[in-house]
Amino acid sequence: MNVSQQIGPRAAASERSMADAIRFLSMDAVEKANSGHPGMPMGMADAVTVLFNRFIRIDPSHPDWPDRDRFVLSAGHGSMLLYSLHHLIGFADMPMAELSSFRQLGSKTAGHPEYGHALGIETTTGPLGQGISTAVGMAIAEQMMAARFGSALCNHFTYVVAGDGCLQEGISHEAIDLAGHLKLRKLVVLWDDNRISIDGSTDLSTSMNQLARFRAAGWDAQAVDGHDPDAVAKAIERARRTRKPSLIACRTRIGKGAASMEGSHKTHGAALGEKEIAATREKLGWPHPPFFVPPEIKAAWEKVATRGRTAREAWEIRLDASRSKKRYEQTVERKLDGEVGDLLARFRGAHRTRATKVATRQASQMALEVINGATALTIGGSADLTGSNLTLTSQTQPISPGNFKGRYLHYGIREHGMAAAMNGIALHGGFIPYGGTFLVFSDYARGAMRLSALMGLPVIYVLTHDSIGLGEDGPTHQPVEHLAMLRATPNLNVFRPADIIETAECWEIAIGEKNTPSVFALSRQALPMLRRTDGNENLSALGAYVLREARGDRDITLLATGSEVEIAVAAAERLQAEERIAAAVVSMPCWEKFEAQDAAYHRQVLGDAPRIAIEAAGRLGWDRWMGPDSAFVGMTGFGASAPAGDLYRHFGITADHVVAEALELLRRACPETPPIGARTGKPVAHIVRSSEEA
């Protein structure tokens, strides 16, 4: 017997009233808030009622049950559809009072669904296309968990409701293509095919045959009347049987049921108004006051929770009987073995002894070789730059269609899709995803990276070729503004390590984060090992530290990150040797970690001498660390095509230029007398900077 038959032959009649409950709760909430989107919940109420009433397995009393079906509202503007469902099936944190507080400060019912803000919200949606793309990652994770633990412990579907806007966004193409290639058979997308956009009919801007598009990408695709419950049920049954991901085009009318506005784009993003809602109540035979659901309809909806609870209890019996129970639970919880930190400490000690000189992208791969050998939680990948990002290790065999036992995803040239899929993998649980591309192409992934931070997901972005140091590929590939953009993002750790020691330290931090994503900005060019002091303390965890202390009281402090720390050290040594100026060097591998330290530590590291910041990127953001008497050595515009060494000299990011800036800073600090070294009394030479250097 299939799932839908279990509901009985009279299901369709009761489902009409169940769907109307969604419609009126959505209308009432938007009306009270005078803000929101009633049209989509009203239009998709019939199809979603069938999905929940006949198929989906979730248990509101255990919203994090690992083998639950996932429901993703990609068209997040229709959030009242989700909140209404959660109230009706009995989520504890979604009483009627929350629905009547829709879009108000402090309520659980935010304008768009927010992960972690209310129970049962699988992912934050709102930026169109993100939900369907994140769902691809969830479906990948489900297949990977099933490959490791079997269908007895992992056997669930990922259902998505997507709108026209989701399918128009470019990220959807990346996600659809990847899902079809991987044959993600547990992914089912219900498309709200209402042919309405904010501006009016969708034929204003598109003539796309979406069914043909999905079929070309390897999906099963069907078209049904979205207001015919039995037709929707048959389509879902077929989708659950196919060996491909599935699209069900639900032909709907936006604002379905509205007395005079049904089918109008005016129902998309505004309250219907008291008169229209009153007329709709009369039209649909719903005589109840706002925010009221008759007990018999609420009871019908609560059967969804009963079915989910029964499924969960059966699953728990299987888990208890499984010999893999402990390993399964540790995997779901992403519990890292404490050995990882010890192994990385030994790794740092070994390379400190050897004074290993490598590009930080290579240092990252070497650290990953240690990490991936110590834990099976990590899932790597790259957007077609594996050989450049160096994200593949000996333990991470590729995942391919039909084979999900591997630990490495070839995402193709789909940076945005990769980032969203990693969000989905992290949200699903069981894995720590990392993926690589060039730093400059973080622009392409920006929307999903922002959601990583907003949701607090342990996703790791390995972004290599982080400056003009990549050389001949030129300004299209040389990031300038990207570090500033990433550092401006709340709850995102941006690591730019200076050598192999810092790289390993930063990986130790990133792999242990629970609620913060990480970015690694890594060099193409080889960098010397600068940290030669013994000790296992992870100094990068402090965000910044004094790498080279001044000899005596500081005359000047040089601040730098990544590949420019080498330049700062060379400049400090020259200032000491040639000018007897006491210069300290501060390495700042992670601003966010440094900002989290107390004021006393800030003063200890930064000191009170004039400061020079050195970074082969734009200045934006550096002033918070530089202080009033300061200078910046870095980029003021785009790069150029040339060998890396030539570019550093051309743009003045050299030890010579840093020395000149230091002397000029000290001269300006004492305009009436030549500046002198703090301890020696030796006059500092007068420097006149060329216009190019200035």
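Backbone N, Cα and C define each Cβ position, glycine as well.
Taken from Swiss-Prot, the feature site 'Important for catalytic activity' applies to His37 (among others), supported by similarity to another entry. Contacts of His37 (site 'Important for catalytic activity') defined by a Cβ separation under 8 A and a same-chain sequence distance of 6+ are given as Val30, His77, Gly78, Ser79, Met80, His268, Gly269, in order along the sequence.
Sequence annotations record features per position, and here Swiss-Prot assigns substrate binding site to His37, His268, Arg361, Ser388, His465, Asp473, Arg524. Sequence-distant contacts of His465 (substrate binding site), defined by Cβ-Cβ distance under 8 angstroms and a gap of at least six in the same chain, are Arg361, Ser388, Phe438, Leu439, Val440, Asp473, His477, Pro479, Leu522, Ser523, Arg524. In the three-state DSSP assignment, the secondary structure recorded for His465 (substrate binding site) is coil.
Annotated thiamine diphosphate binding site per Swiss-Prot: His77, Gly126, Pro127, Leu128, Gly165, Asn194, His268, Phe441, in sequence order. Reduced to three states, the DSSP call for His77 (thiamine diphosphate binding site) is helix. Its own atom aside, the Cβ of His77 (thiamine diphosphate binding site) has 23 Cβ atoms within 10 angstroms in the protein chains shown.
According to its DSSP assignment, Asn194 (thiamine diphosphate binding site) is coil. Residues or ranges marked as Mg(2+) binding site by Swiss-Prot: Asp164, Asn194, Ile196.
The site 'Important for catalytic activity' feature in Swiss-Prot is assigned to His268 (among others).
Under a cutoff of 8 A between CB atoms, and with a sequence separation of 6+ in the same chain, the neighbours of Glu415 (active site, proton donor) are Ala383, Thr437, Phe441, Ser442, Tyr444, Ala445. Here Swiss-Prot flags Glu415 as active site, proton donor, drawing on similarity to another entry.
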Residue among binding-site residues Leu128, Ile196 with least C-beta crowding, 10 angstrom cut-off: Leu128
Pairwise CA distance, Asp164 (Mg(2+) binding site) versus Asn194 (thiamine diphosphate binding site), rounded so that it is a whole Å: 8
Number of Cβ atoms other than its own within 10 Å, given for Arg361 (substrate binding site): 25
Fewest Cβ neighbours within 10 Å, where candidates are the binding-site residues Asp164, Asp473: Asp473
Gly126 (thiamine diphosphate binding site), number of other Cβ atoms within 10 Å: 19
Integer Å distance between the CA atoms belonging to Ile196 (Mg(2+) binding site) and Pro127 (thiamine diphosphate binding site): 17
